[in-house]
Amino acid sequence: TAKIQAEKMSETHDDGSQVLVQMNNIGQSFKDFPMALLILLRNPVLMSLIIASSSEALVATGFATFLPKFIENQFGKSSSFSATLGGLVLIPAAALGQVISGILVSKCKMDCKGIMKFTIRTYSVALILNTVFLFAKCGNEPFAGVSETYNGTGTLHNLTAPCNANCRCLRSMYYPICGRDEVQYFSPCFAGCASYHFNNMKKTYHNCSCIGKPKRENGLEDFLYEAVAGKCPTQCKFLPLFLTFFFFAVVFTFMATTPTTVAILRCVPDKQRSFAPFLPLKCTIPGPILFGVAIDSSCTLWDINECEIKGACWVYDNERMAYLLMGISAACKIITIVFAFMAVYFYKPPQLTKALPRKTSENICAIHK
């Protein structure tokens, strides 16, 4: 291994750091830490790559945390099913992307600048694929008192209307039902339902003062019940399209992960290669926080108890959520691409080692000591 390492061509960014590290033997003790850190911070190629990878990692950690929440609310799926779908998309796509990029970089024998150009292409494709949030988003399902009025009465963003004003309904008791008018109601009480029955293991509600006439003629079913327990089935059919585009977006995103790490290792002096990859680690922490704030800001109906304490969100604005997540993702990817371009612009291959192996370079440096 040492022989192979010695015969490799050095691709350290030509800013004098390689000679400085070798001449001062930096990295042998802990007292060299400040100087080693300063050398890395003054490397414009390394800093550009770190900012690019950190910006991309921020998006990756955000989606890893909140993709199930997005699927659940956009496409009306259960929490468990959404989490399963999220895992089935993210994990195989991330693994496939890293495997493909590793094979391409190895087979094509890319140098440091070639690797950075390769990452720019993959980041750009991932940015284009992320537009799936714009054309595969779902509209807001009708919800009485939130996105629609109560059969033409009451006001928006107010669960109480003339049809249920005397029911003394509690906002802290969320039990959604779907009316025959294809509108979802916060609870049977807010729908003004006076009675319920079990019909073929299905809970149905009757004598509901707030529920309007059926939008579509269903024959005998229109007279059997006025509402059923549970949320209304979503009319959005974009889930397969969204998952397909998002899968390939993740593939191209992670196709840049391994090459970026390789470029980071190649552009710094050999003795600092174990230190350089640790600089961007903490930059991924804001990802879930930023995505969480964006999703919370798209909430249109919060769980507020009798003490006016805010709890979980019951209903989200699907369009606002899609636009916010697309905006965050696009902004981070544009930052990534810009700094990847800057890394290519700043990078200078070492003049001395363009035609000489690393071992020869080290011998020359030893002569000049």
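The backbone N, Cα and C atoms fix where each Cβ goes, glycine too.
Note: TrEMBL annotation is automatic and uncurated.
Long-range contacts of the transmembrane segment (45-67) within its own chain (CB-CB distance under 8 A, at least 6 residues past either end) are made by residues 13, 86, 89-90, 94, 116, 119, 123, 246, 250, 253-254, 256-257, 260-261, 263-264, 267-268, 276, 279-280, 283-284, 286-288, 290-292, 295, 325, 328-329, 332-333, 335-337, 339-340, 342-343, 346-347. Positions annotated as transmembrane segment by TrEMBL: 45-67 (among others).
According to TrEMBL, the feature transmembrane segment maps to 87-106 (among others). Outside the transmembrane segment (87-106), and at least 6 residues removed from its termini, the chain residues within Cβ reach (under 8 Å) are 60, 63-64, 67, 115, 118, 122, 243, 246-248, 250-259, 262.
The feature transmembrane segment is assigned by TrEMBL to 118-136 (among others).
Sequence annotations record features per position, and here TrEMBL assigns domain 'Kazal-like' to 157-212.
Residues 46, 49-50, 52-53, 56, 59-60, 63, 67, 74-75, 85, 89-90, 92-98, 100-102, 104-105, 110, 112, 115-116, 118-119, 122-123, 125-126, 129-130, 132, 136, 273, 276-277, 343 of the same chain lie 6 or more positions beyond the ends of the transmembrane segment (241-265) yet place their CB under 8 Å from a CB of it. Positions annotated as transmembrane segment by TrEMBL: 241-265 (among others).
Here TrEMBL flags 323-347 (among others) as transmembrane segment. Residues 13, 44-45, 48-49, 51-53, 55-56, 58-59, 62-63, 66, 70, 112-113, 116-117, 119-120, 123-124, 126-127, 130-131, 133-134, 137, 263, 267, 290-291, 294-295, 297-298 of the same chain lie 6 or more positions beyond the ends of the transmembrane segment (323-347) yet place their CB under 8 Å from a CB of it.
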Helix, strand and coil counts within the domain 'Kazal-like' (157-212) (DSSP): 3 helix, 19 strand, 34 coil
Positions on the same chain near the transmembrane segment (118-136), where near means CB under 8 A and six or more residues out: 52, 56, 101, 104-105, 110, 238, 241-242, 245-246, 248-250, 252-253, 255-256, 259-260, 263, 322-323, 325-326, 329-330, 333-334, 336-337, 340-341, 344
